[in-house]
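Per Swiss-Prot, the feature region 'Disordered' maps to 1-60. Under the heading N6-acetyllysine, Swiss-Prot lists K6, K7, K27, K31, K32, K35, K197. Under the heading motif 'Nuclear localization signal (NLS)', Swiss-Prot lists 8-13. Swiss-Prot lists 16-38 with the feature compositional bias 'Basic and acidic residues'. Here Swiss-Prot flags 23-33 as region 'Necessary for interaction with NPM1 and for efficient rRNA binding', drawing on similarity to another entry. Taken from Swiss-Prot, the feature phosphoserine covers S54, and the record attributes it to similarity to another entry. According to Swiss-Prot, the feature S-nitrosocysteine maps to C65, C93, C310. Marked as Mg(2+) 1 binding site by Swiss-Prot: D70, E96, D308. Summarising the annotation, Swiss-Prot assigns active site to Y171 and lists similarity to another entry as the type of evidence. Sequence annotations record features per position, and here Swiss-Prot assigns active site, proton donor/acceptor to D210. If you look up Swiss-Prot, you'll see T233 marked as phosphothreonine.
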Amino acid sequence: MPKRGKKGAVAEDGDELRTEPEAKKSKTAAKKNDKEAAGEGPALYEDPPDQKTSPSGKPATLKICSWNVDGLRAWIKKKGLDWVKEEAPDILCLQETKCSENKLPAELQELPGLSHQYWSAPSDKEGYSGVGLLSRQCPLKVSYGIGEEEHDQEGRVIVAEFDSFVLVTAYVPNAGRGLVRLEYRQRWDEAFRKFLKGLASRKPLVLCGDLNVAHEEIDLRNPKGNKKNAGFTPQERQGFGELLQAVPLADSFRHLYPNTPYAYTFWTYMMNARSKNVGWRLDYFLLSHSLLPALCDSKIRSKALGSDHCPITLYLAL
């Protein structure tokens, strides 16, 4: 996602953390909760222990990770690959790679087991957008884009078909500073929804990536200040809701953790937003409803550094 505060006009709470004298703590305990709800104080998210069995007790057999890396080369320099090696996913999906295929860093070949690698990037915009999909298992079929020329120029979608499901990784367009691309985003949302509905009619679907929208108020720290900003406009939120209903798909994280607050995947580099957890949940694993019995866990790895987004991980028992 473009840098909010540098490239995007997204309101974030810039107040510094306040410390209180011991004598005042008892008097201000109630106020602290109010401040946290308003995005004015520390309210951190702790990723719970991984659940590696399905509701019926089947052990997880597939682990997928997704990460907006905000530039492959910079991410590698920040030790992003070290985290991937430790996490050891079966499939790794990357967004905002900002790298054409002929300039991919050699270090990517060092990833153990992820030898089947697929990349998409704009042909005429070096250093912009781009997605990647790396897998232990060779997919049955791989395709790029959503089949519409207007939407397939920026390297935003890879589709990989496996035996029991289809995986789509996407870097959804940002509505931009001043919402200059909001109309385009709405056209994208409609076309993407139709495309996914067609895929899901043939085989269960997993959609992952930076979907560039915080669906509900619980999904960002400062909802009141962002209702007219990219990523939280009524139009984008409605488009996301229509996607869930029409395809149909389930938000795996909210399916398991419907009321968990402060669970974000993106923080602007500005104003110490990450240390204060002033963030947005923009990255998702969405699943066909037929896959919900196989859902073991949907994780937000908020402590993993290397980008302005953190990685997310999905466990399925297929």
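A Cβ is built for glycine as well, from the same backbone N, Cα and C atoms used for every other residue.
Not measured: the values here are computed from a predicted model.
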Just to be sure I understand: of S54, C65, D70, D308, which recorded positions have a C-alpha no more than 10 angstroms from the C-alpha of D210 (active site, proton donor/acceptor)?
none
Could you tell me which of these binding-site residues, D70, E96, D308, has the greatest number of Cβ atoms within 10 Å of its own Cβ?
E96
Between the Cα atoms of D308 (Mg(2+) 1 binding site) and Y171 (active site), find the distance and write it as a whole number of Å.
15
To the nearest Å, how far is the Cα of C93 (S-nitrosocysteine) from the Cα of S54 (phosphoserine)?
23
Helix, strand or coil at T233 (phosphothreonine) [DSSP, three-state]:
coil
Which same-chain residues, if any, lie at least 6 apart from K197 (N6-acetyllysine) yet have Cβ under 8 Å of it:
A246, V247
Anything within 10 Å of E96 (Mg(2+) 1 binding site)? Look among the recorded positions Y171, T233, C310, comparing CA atoms, and list what you find.
Y171
Hey, how far is the residue listed as 'phosphothreonine' from the residue listed as 'phosphoserine', Cα to Cα, in Å?
35
Separation of alpha carbons, C310 (S-nitrosocysteine) and C65 (S-nitrosocysteine) (Å):
11
How many other Cβ atoms are found within 10 Å of the Cβ atom of C93 (S-nitrosocysteine), counting all protein chains shown?
32
